[in-house]
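Report on one structure; see the data block that follows.
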Amino acid sequence: MENKNNVTEFILHGLTQDKTAAKVCFSLFLVFYATIILGNLLIIITIKTSEQLNSPMYFFLSYLSFIDISYSTVTAPKLIYDLLVEKKTISFVGCIAQLFAGHFFGCTEIFLLTVMAYDRCIAICKPLHYTNIVNKHVCGWLVAASWVGGFVHSVVQTLLAIQLPFCGPNEIDHYFCDVHPLLKLACTDTYIIGVAVAANSGVISLTCFVVLVVSYAVILVSLRTRSSEGCLKALYTCTSHITVVVLFLGPCIFIYMRPSTTFSADKMVSMFYTIITPMLNPLIYTLRNEEVKNAMKKLWSRKVKRSEK
């Protein structure tokens, strides 16, 4: 079919068409987004200013917080604004840009979570060689590889979407632009592209999830020979990471590891990796981490002392 495009903008259905519910959601998601920005900024500032938080784990955590801020900013401001307007539109170029940015930051976060699991696996299984294996140079390359991997994935997803012909209708039953809703609107057979999308996004999510499960299985086997105190400390550290992985990768696998079909539950499921997980990450990593909490207390006490002078 000739690749023609008669659509210059898309109409988003958003979360709800009910005006009362929209006002409630506006207040709720405004708080969520503010929590994401402030919470993750606090994590970044605390790690960058603390001399105690200089291990690779916190180096990766600071980048995770930065990605969470960026990833949520791709969808949250538009979502919040659309809850107050009757006609929710986004230009074709804006839609493709949102798709690119969403997959870029989302896939980068998946790779970074996998890197963080590798870091914990080495730290617990080979503590004597940890500083030599995961040094600053290696950390930099791992983070760079995560960004490059996210970029390559996003370019592929965007190229798959941008070549689709759109003849109308132009209504997207979602609160942001994503591949599956766009495939539903395309006026051509999208089976092959749908398989390519699943092979790209779904396989990445599933593969990283399997790698993560294997790494934590290796950690559990390694902990059998440790003292109870050391075992509990290691499990305490890993539990936070496992919680984030399940909340983020579980919904990603549900959305992308399937053919080009959409379900009514997709919008709610997408909330977990676009809004909920970025908001919970600072809470998960601070409430369960004494080192971060102590560093935050020191940072706060320094600010109080400066303000009293």
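In case you wondered, yes, glycine gets a Cβ from its N, Cα and C as well.
The feature domain 'G-protein coupled receptors family 1 profile' is assigned by TrEMBL to 39-285. Residues or ranges marked as transmembrane segment in TrEMBL: 20-45, 57-76, 96-118, 138-156, 191-222, 234-256, 268-287.
Comparing 138-156, 191-222, 234-256, 268-287 for CB pairs under 8 angstroms to the transmembrane segment (57-76), the maximum falls on 268-287. With a cut-off of 8 Å between Cβ atoms, the residues of this chain six or more beyond the transmembrane segment (20-45) that come close are 14, 61-62, 65-66, 68-69, 72, 76-77, 79-80, 83-84, 275-276, 278-279, 281-283, 285-286, 292, 296, 299.
Tertiary neighbourhood of the transmembrane segment (96-118): same-chain residues 57, 60-61, 63-64, 67-68, 70-71, 74-75, 78, 90, 142-143, 145-147, 149-151, 153-155, 157-158, 161-162, 176-179, 182, 201, 204-205, 208, 211-212, 215-216, 241, 244-245, 248-249, 252, 273-274, selected by CB-CB distance under 8 Å and a gap of 6+ residues from either end. Confidence over the domain 'G-protein coupled receptors family 1 profile' (39-285), given as mean pLDDT on the 0 to 100 scale, stands at 87.
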